[in-house]
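Structure first, commentary second.
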Amino acid sequence: MNEAVKTLDGWFCLHDFRSIDWAAWRELNPGNQELMLNELSHFLSDMEITKNIGEGEHTIYSILGQKADLVFFTLRDSLEALNEVENRFNKLAIADYLLPTYSYISVVELSNYLASHMAGGEDPYQNKGVRARLYPALPPKKHICFYPMSKKRDGADNWYMLPMEERQQLIRDHGLIGRSYAGKVQQIIGGSIGFDDYEWGVTLFSDDALEFKRIVTEMRFDEASARYAEFGSFFIGNLLLSEQLSKLFTI
């Protein structure tokens, strides 16, 4: 049997995509709308406390197009904690007007090969660089791009039948492209084998949305993607600060 890749795992991730039911929201009187927005604000304040004590992260982006209107991206140290956030959010009054359109579950991962390289001889989980990758601080970048992907298992193009050494070389070459965008694009890779419909969820952040187009285009021509990758839907959006929510929901 071929050797399976080993990974280091960090925070669990939930991408929760919602569509605003504008027709139903418009029927509410302004007083009820304000009460619901205040309740949402208190919820987000509690999320900020969790973030400040280093036990999780979260961000909100406004999504373009008709796949969704919003994405709530939450990271926690366990599936139980992630589920608690999800359930609490769904119990908010405003959640009745935020219709689920898509979701994705993953866990931030780093290949054992890369983690060992970064950590040198020390325990990777104690290395600051490795920990920053596994338990990332989400950057307040203007734009987000999310997409799920898998590796092919199709005849001669079966990623999982390649020898470990060949896979490592392809990933190293692929990674060189990503590193060339350092300072322009920050990425978080979530492993989702056994968690969701694809094998990874990729989240990109940038202040220039065109960088998403550039990096994805360049990677498409790399063999690891051109020959072995399959992609799901792409979602792109703009940063939505908590204090901007009231303006968004004002009719």
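Including glycine, each Cβ sits where the backbone N, Cα and C put it.
Annotated features, as they stand in Swiss-Prot:
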- R133, Y147, P148, M149, S150, K151, H174, Q187, S225: Fe-coproporphyrin III binding site (BINDING)
- Y147: active site (ACT_SITE)
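Structure with Swiss-Prot features highlighted.
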residue : record                             : Cβ neighbours (10 Å)
R133    : Fe-coproporphyrin III binding site : 21
Y147    : active site                        : 19
P148    : Fe-coproporphyrin III binding site : 23
S150    : Fe-coproporphyrin III binding site : 17
H174    : Fe-coproporphyrin III binding site : 16
S225    : Fe-coproporphyrin III binding site : 19
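The secondary structure of the residue listed as 'active site', as reduced to three states from DSSP, is extended strand. Ranking the binding-site residues R133, H174, S225 by Cα distance from Y147 (active site) puts S225 first. The record assigns R133, Y147, P148, M149, S150, K151, H174, Q187, S225 to the Fe-coproporphyrin III site; their largest pairwise CA distance measures 22 Å.
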